[in-house]
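Colleague: According to Swiss-Prot, the protein has these features:
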type     : residues : note
DISULFID : 38-132   : disulfide bond
DISULFID : 60-147   : disulfide bond
DISULFID : 82-120   : disulfide bond
DISULFID : 88-152   : disulfide bond
DISULFID : 113-121  : disulfide bond
DISULFID : 162-172  : disulfide bond
DISULFID : 166-181  : disulfide bond
DISULFID : 183-213  : disulfide bond
DISULFID : 201-292  : disulfide bond
DISULFID : 233-256  : disulfide bond
DISULFID : 394-449  : disulfide bond
DISULFID : 438-445  : disulfide bond
CARBOHYD : 40       : N-linked glycosylation site
CARBOHYD : 97       : N-linked glycosylation site
CARBOHYD : 109      : N-linked glycosylation site
CARBOHYD : 176      : N-linked glycosylation site
CARBOHYD : 188      : N-linked glycosylation site
CARBOHYD : 232      : N-linked glycosylation site
CARBOHYD : 263      : N-linked glycosylation site
CARBOHYD : 314      : N-linked glycosylation site
LIPID    : 484      : GPI-anchor amidated aspartate
REGION   : 200-293  : region 'ZP-N'
REGION   : 318-329  : region 'Internal hydrophobic patch (IHP)'
REGION   : 318-456  : region 'ZP-C'
REGION   : 463-471  : region 'External hydrophobic patch (EHP)'
SIGNAL   : 1-21     : signal peptide
């Protein structure tokens with residue numbers, strides 16, 4: 001019995017000893033199966049790994065150990081074909097020599113090859129790959145056999161390469177650490193008509209924009225020398241989005257060589273943009289003629305006139321910014337032909353047209369209102385001798401020649417009056433208008449006029465809001481000093497039409 005018991009213990013010990021390694025292996029298998037690399041990985045969001053990246057650098061992945069997932073603009077999978085040297089921001093790029101597994105295949109071993117010295121697989125290393133739910137792959141990396149080697153990502157697998165749709169002259173490429181539309185390098189053209197400039201005729205500036213890619217196809221480099229008729233307006237090329245470059249010039253006569261032409265309906269600015277590859281010009285340069293036509297209105301006519309008789313006033317409104325008002329004398333009811341020069345000379349019985357415009361400020365909210373407009377025989381706006389044309393926002397109803405076309409309803413005000421002169425030794429007339437910026441949201445801007453209202457209300461002028469124009473004289477008058485408007489010793493022997501009426505009404509107003 002003792003011998004049998006000893007034999008049984010020995011057998012049991014042997015069985016236990018043999019069973020222990022098997023049980024340990026089962027435990028390891030259970031731990032391995034419980035670890036899913038699809039849920040335990042490190043993200044590599046490095047667009048510079050893209051196979052399209054040609055930036056020179058010597059980045060090395062010798063420190064990459066573990067499971068990784070590639071994401072971002074550089075691509076989400078390793079390339080399966082040989083990658084040219086010096087791509088992926090390294091010397092010898094690593095690519096996957098084999099296909100990616102499917103979900104059913106689980107974890108597979110693949111060979112990663114490094115391209116160097118003309119050999120697509122000069123160095124090798126084993127990489128484990130697994131396909132994961134959600135259509136992505138994870139890779140178990142074990143560093144690199146040498147430096148500088150780096151694991152690449154296939155640019156064609158990038159989820160969001162170029163956000164904008166590239167034009168035919170562009171290609172979606174990875175450059176400077178990002179995907180974008182860049183000019184194609186294979187563009188080549190000798191047809192200058194293929195260059196289609198864009199012209200923007202603005203109120204304050206004229207802008208000519210050119211397609212940088214089309215310029216490249218015509219042989220122009222990155223640095224283009226551009227200048228207008230006036231050489232002082234050179235080196236004004238500005239880079240814009242989507243591979244466009246532009247040149248701007250002020251919307252002014254003679255600025256940057258602008259040539260101004262006017263017909264009965266439009267003001268036309270003409271200029272020429274010249275392009276060259278170098279500052280020292282030996283080859284034929286490219287000339288681009290352009291012009292902008294602006295329909296004539298009060299504002300444009302003042303901008304295009306060389307020496308208009310005009311007055312300007314800047315007004316600051318609390319919380320609303322700064323406003324600019326201009327007032328000028330015009331020759332007819334179209335208000336597009338301002339008087340120019342040192343003085344306005346009118347024929348007997350002719351009409352004088354006065355226009356004012358709110359040029360700068362919130363014209364969608366504020367209307368221009370002429371509160372008081374009056375004439376004086378001197379340029380002094382406080383001269384006690386005044387003849388009111390507009391009083392308390394309403395026209396002088398005792399003067400039938402006064403016609404207010406617009407006042408308080410928009411950013412413009414216009415009125416006309418038949419020319420007159422003051423009795424006595426005065427040769428000149430000066431006009432003065434007190435303005436008000438009327439808030440159309442909170443005020444009644446359009447005047448409501450009556451004859452009794454004009455008589456009863458007293459005029460309280462604000463000199464800080466008064467615009468001054470002049471001098472004005474009649475065509476047949478003797479030569480006068482137009483600088484200060486002082487009385488002339490000669491005076492007038494002949495009275496103008498409407499002379500006596502303003503004198504009598506001056507006592508009433």
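Every residue, even glycine, has its Cβ placed from backbone N, Cα and C.
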Colleague: Should residue 256 (disulfide bond) be counted as helix, strand, or coil on the basis of DSSP?
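Modeller: Going by the DSSP assignment, residue 256 (disulfide bond) falls within a helical segment, counted as helix.
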Colleague: Please report how many Å separate the Cα atom of residue 449 (disulfide bond) from that of residue 263 (N-linked glycosylation site), as a whole number.
Modeller: 39
Colleague: Any same-chain residues 6+ apart from residue 38 (disulfide bond) with CB under 8 Å of its CB? Would you list them in sequence order, or say none?
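Modeller: Within the chain, residue 38 (disulfide bond) has Cβ neighbours under 8 Å at 130, 132, 133, 138.
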Colleague: Would you find the one among the disulfide-bonded residues 132, 213, 449 whose Cβ has the most company, meaning other Cβ atoms within 10 Å?
Modeller: 213
Colleague: Using Cα coordinates, what distance in whole Å links residue 183 (disulfide bond) and residue 172 (disulfide bond)?
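Modeller: Per the Cα atoms, residue 183 (disulfide bond) and residue 172 (disulfide bond) stand 9 Å apart.
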Colleague: Provide the number of Cβ atoms within 10 Å of the Cβ of residue 97 (N-linked glycosylation site), excluding the reference atom itself.
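Modeller: Summing over all protein chains shown, residue 97 (N-linked glycosylation site) has 17 other Cβ atoms within 10 Å.
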Colleague: I'm trying to understand the geometry here, so how far is the Cα atom of residue 256 (disulfide bond) from the Cα atom of residue 40 (N-linked glycosylation site), in Å to the nearest whole number?
Modeller: 65
Colleague: Could you put numbers on the helix, strand and coil content of the region 'ZP-C' (318-456), residue by residue per DSSP?
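Modeller: Its residues divide into 6 helix, 65 strand, 68 coil.
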